[in-house]
Amino acid sequence: MPKDEDDPTSPKAPVASFPPLPAPSEAGGRPQEFYGFVTWLCTYIAFGLIILWGILPDEWILTLGITWYPSREWALLIPSYGIFLCLLTWYTYWSLAIAATPEFDDLKTFTGGLTSFHRMATSQSPYKDILAPDAIPEVYDLPIGLVNRRLLGKRKRPKPVSPAGDNPPL
């Protein structure tokens with residue numbers, strides 16, 4: 001049985017393209033997992049308390065020893081404000097994106113800081129040449145040999161071999 005270090009697909013192999021796995025900790029999980037679980041648990045407890053505060057009668061809350069609590073209208077107002085805040089945040093980011101978008105007739109719509117322009121020799125501006133009626137040539141098919149030479153480069157052909165095994169001079 002090969003060791004993990006000998007298997008090239010193992011993350012512990014020296015030729016692995018990513019860092020090795022961290023050593024297992026004997027203390028348990030990472031602190032982020034613990035804090036995440038505690039936050040999740042506290043959120044559900046707080047949600048349960050808010051629901052109980054909103055639906056329990058006053059006599060039951062007083063029997064639990066709670067003598068002061070906010071008005072019941074906050075049980076509806078706090079979630080409503082939260083939903084409104086989420087919608088306002090979404091609308092604000094959407095509005096900022098629309099405000100940052102250039103107009104349709106602005107050159108920034110299809111150009112940017114890294115754009116490379118082809119300079120034509122007929123005028124000072126490449127945009128004026130594009131406006132000419134014959135600026136875009138007609139569409140036509142390219143020969144497959146030209147495409148192959150462009151994509152694959154020029155390659156030497158192998159010499160033909162005769163069935164008898166002797167190669168005739170070219």
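Each residue, glycine too, has its Cβ placed from N, Cα and C.
Residues annotated as region 'Disordered' in TrEMBL: 1-25.
TrEMBL lists 32-151 with the feature domain 'PIG-P'.
Proximity of distant same-chain residues to the transmembrane segment (34-56), defined by a Cβ-Cβ separation under 8 Å and at least 6 residues beyond the stretch ends, is recorded for 28, 69, 72, 75-76, 78. Here TrEMBL flags 34-56 (among others) as transmembrane segment.
Within the chain carrying the transmembrane segment (76-94), a Cβ under 8 angstroms from the stretch's Cβ atoms is held by residues 50, 54, all 6 or more beyond its ends. Here TrEMBL flags 76-94 (among others) as transmembrane segment.
Break the domain 'PIG-P' (32-151) down by DSSP state and the numbers are 73 helix, 0 strand, 47 coil.
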